[in-house]
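Colleague: Quick one: structure below, then a few questions.
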Amino acid sequence: MRKPVIAGNWKMNMTCTEAIEYMRVLIPLLKDIPKKDREVVIAPPFTALYPLSEFIRDKNDCLSLSSQNVHWEDSGAYTAEVSPLMLNELSVKCAIVGHSEPRKYFSESDEQINKRAKSAQDHQLIPIVCVGETFQQREMGEAERVIRRQIEQGLEGIEVKKLIVAYEPIWAIGTGKTCEANEANRICGLIRKWIGYEDVIIQYGGSVKSNNIDEIMSMSDIDGVLVGGASLDPTNFARIANYEKI
């Protein structure tokens, strides 16, 4: 049985004060979600992880925190990076790796993403490994080849039972364009086949909103969502977390 994971990636948004106020609104709106039914994860900026880890402690069983990245070394001369040991101290549960923005802006390779994912697992963090194609790659009929390469190289040596994969078609991130639910479901099914483990959690990400979440979560091979901009409003994100299958 695959338990859905609804994750909100705040990216470079929210001060610590804003993050706490956000949680004051969000937590009461999640009170009717049983832990056994689904999990809700928030990935704030690194600066907000400590105050949020203290604030949400013992407040909601289904709510946990994720980092937006993690380095493969425990410490060292890696300016602007965060180590898995630092995240362990904050009771962080997950770590996003391979998001399209670091891939694009910082030229992150599948090899680096693989090292980050392994480091996360070695330190009892669940990596949320992001994969997805550009619009040009999709138009040229290369989407499946690109995603399969990202899966094979990014997940080499990874324990698939302790993993979340997020399919994020890059052309749908922050653009308002959403991959059709049936097509997203088809790709997620292929990812499951390529990984070779039926119970791996596979999320969809890309312009997920409160008005399309019910349809997305009704798909058989989609086990959750990784939400960007729509997660910045607590009421809106609560509606997404409280989805109802069609």
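Every residue gets a Cβ built from N, Cα and C, even glycine.
Found this in Swiss-Prot, in case it helps:
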type	residues	note
ACT_SITE	His99	active site, electrophile
ACT_SITE	Glu168	active site, proton acceptor
BINDING	Asn9, Trp10, Lys11, Gly174, Ser207, Gly228, Gly229	substrate binding site
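Tell me about the surroundings of these features in the structure.
Modeller: The DSSP secondary structure for His99 (active site, electrophile) is coil.
Under the DSSP three-state reduction, Glu168 (active site, proton acceptor) is assigned to coil, being neither helix nor strand.
Under 8 Å, Cβ to Cβ, and six or more positions away along its own chain, Lys11 (substrate binding site) finds Pro45, Gln68, Glu101, Gly228.
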Colleague: Taking only same-chain residues 6+ apart in sequence, whose CB is under 8 Å from that of Asn9 (substrate binding site), what do you get?
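Modeller: Non-local contacts for Asn9 (substrate binding site): Ala43, Ser66, Gln68, Ile96, His99, Gly205, Leu226, Val227, Gly228, Ser231.
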Colleague: Taking Gly174, Gly228, Gly229 as the binding-site residues to compare, which has the smallest set of other Cβ atoms within 10 Å?
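Modeller: Minimum Cβ neighbour count within 10 Å, taken over the binding-site residues Gly174, Gly228, Gly229, occurs at Gly174.
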Colleague: Rounded to a whole number, what is the top Cα to Cα distance in Å among the residues the record ties to substrate, namely Asn9, Trp10, Lys11, Gly174, Ser207, Gly228, Gly229?
Modeller: 14
